[in-house]
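Participant: Right, I'll just put the structure down here and ask away after.
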Amino acid sequence: MKLVVDENMPYVRELFSDFGEIVSLNGRHMTAEQVADADVLLVRSVTKVNQALLAQNSKLKFVGSATIGTDHIDHDYLTSRDIPFASAPGCNATSVGEYVFNALLELADKYQASLAGKTVGIVGAGNTGSAVAKCLAAWGINTLLYDPLLAQQGDPREFVSFDTLLAEADVITLHVPITHEGAFATHHLIDATVLERMKPGCWLINACRGEVVDNLALLNKLKTAPFPVVLDVWEGEPKPLAELVPLVDIATPHIAGYSLEGKALGTFMLYQRLCEVMNTSADKSLTALLPATWYQTLTLNQLPSAAELLRLCRFVYDLRDDDRQFRKIHQIPDGFDNMRKNHRHRREFSALALVNADGSEVDCLSKLGFSGVIR
Ligand SMILES: NC(=O)c1ccc[n+]([C@@H]2O[C@H](COP(=O)([O-])OP(=O)(O)OC[C@H]3O[C@@H](n4cnc5c(N)ncnc54)[C@H](O)[C@@H]3O)[C@@H](O)[C@H]2O)c1
Ligand SMILES: O=C(O)[C@H](O)[C@H](O)COP(=O)(O)O
């Protein structure tokens, strides 16, 4: 079999070599000719999988996307061709949760604000929104959930209306898929009108899809009435609105989900699904592939202050490094994609084991709400 895969997918050879020949390609520029004789196609979010890409291929047996979002997939077309498809729901949700938590700590530090008194409005309470809520709950930070679809489905959590969210949230963080139709379409959910309705000075974080925020409206707002903004995703990726970048507090190139664990789990979930489709047993283990837990001696109090917590979070993942690099490269041709391709995968908190300088165990990660072994 021939497997055509996005070159930015870790552990593909370790997991899929038994199935046949692996051809790694640039996902953004994959062509119909390149996939014409593929038996299996494994992509990430930058490959549009549709009739234009697949029309020349009559033997495709499986398409997988190692991502949470599936807006790049023409599901109807795959169904019409009877081609099995799998994505990787939730694979990088912890990574996004930790990114948003780190971003909040950075903003609090920059503006000398306390997170304790803030109310964080989470738009979309699925896997990534819930991961953010978990981190915040562990620190006693008040959250409001807005997710009319889950509310309608009888999810037992408490939800608020969009009006309440806008009226009460001191921070709004976005965790919805990009959708263009229906009562709850998310395209430009945050537009000029909504930006005016947010509480004055409300912080805004977008780590879902760029088009959920009207970037031009945001630019115009920031020019006249600046407020704290974190953008991991941009309208028009890989070419973000150049004028917008200097006006936001933290700017990164769609890497909120780029922990090693998150990316690896995406690949692994496709491996499991392909094994099912091919009726073969999945005998490989993700744990065996990931590098060992790493250890570090830090001097920390059992209940870290905000400053200590920030230091710990920066130790695991210093968001400022990605922000600094992004500002330098975002206008260079291919800068956005090259930064993503060469991104040094950060580890999640679950991969970290901490001991105090005196050798005692540090308990603060459980306080953070992150799962994992703490030694
Ligand atoms: N920046 C990144 O690296 C990154 C990583 C992972 C996912 N994402 C994006 O984030 C999106 C969400 O991921 P997830 O794992 O939480 O997905 P999910 O499907 O688990 O949850 C999305 C939630 O949004 C809700 N929703 C849909 N429309 C809504 C609306 N108009 N208002 C409020 N809620 C609405 C849904 O009911 C659902 O509960 C993905 O679709 C993807 O586009 C980005
Ligand atoms: O939907 C997702 O899972 C994320 O947006 C994903 O992490 C984006 O990364 P990419 O697929 O572009 O490498």
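Here the Cβ of each residue, glycine as well, is placed from N, Cα and C on the backbone.
Predicted, not measured: the structure shown is a model, and the values here were computed from it.
Quick paste from TrEMBL:
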BINDING   Ser45, Thr67, Tyr258  substrate binding site
DOMAIN    111-256  domain 'D-isomer specific 2-hydroxyacid dehydrogenase NAD-binding'
BINDING   Asp147, Asp232, Gly257  NAD(+) binding site
ACT_SITE  Arg209  active site
ACT_SITE  Glu237  active site
ACT_SITE  His254  active site, proton donor
DOMAIN    289-369  domain 'Erythronate-4-phosphate dehydrogenase dimerisation'
Participant: Distance check, please: Cα of Asp232 (NAD(+) binding site) against Cα of Arg209 (active site), rounded to an integer number of angstrom.
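Facilitator: Arg209 (active site) has its Cα 9 Å from the Cα of Asp232 (NAD(+) binding site).
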Participant: Which residues of the same chain, at least 6 positions away in sequence, have a Cβ lying under 8 Å from the Cβ of Arg209 (active site)?
Facilitator: Gly69, Asp71, Val176, Pro177, Ile178, Thr186, Val233
Participant: Whole number in angstrom, please: the longest C-alpha to C-alpha distance across Asp147, Asp232, Gly257 for NAD(+).
Facilitator: 21
Participant: Identify, in sequence order, the residues in the chain of His254 (active site, proton donor) that are 6 or more apart from it along the sequence and have a CB within less than 8 Å of its CB; answer 'none' if there are none.
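Facilitator: In sequence order, Gly210, Asp232, Val233, Trp234, Glu237, Phe336, Arg340 meet the Cβ cut-off.
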Participant: Tell me the residue counts in helix, strand and coil for the domain 'D-isomer specific 2-hydroxyacid dehydrogenase NAD-binding' (111-256), as DSSP assigns them.
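Facilitator: Residue counts for the domain 'D-isomer specific 2-hydroxyacid dehydrogenase NAD-binding' (111-256) by secondary structure: 46 helix, 25 strand, 75 coil.
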Participant: Least buried of the recorded positions Asp147, Asp232, Glu237, going by other Cβ atoms within 10 Å?
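Facilitator: If we count Cβ atoms within 10 Å for the recorded positions Asp147, Asp232, Glu237, the smallest count is at Glu237.
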Participant: Quick one: largest C-alpha distance among Ser45, Thr67, Tyr258, binding substrate per the record, in angstrom?
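Facilitator: Looking at Ser45, Thr67, Tyr258 as a set, their Cα atoms extend up to 12 Å apart.
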Participant: Taking only same-chain residues 6+ apart in sequence, whose CB is under 8 Å from that of Tyr258 (substrate binding site), what do you get?
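Facilitator: In sequence order, Asn92, Ser95, Arg340, His343, His345, Arg346 meet the Cβ cut-off.
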Participant: Round to a whole number and give the Cα-to-Cα distance in Å for the pair Gly257 (NAD(+) binding site) and Ser45 (substrate binding site).
Facilitator: 12
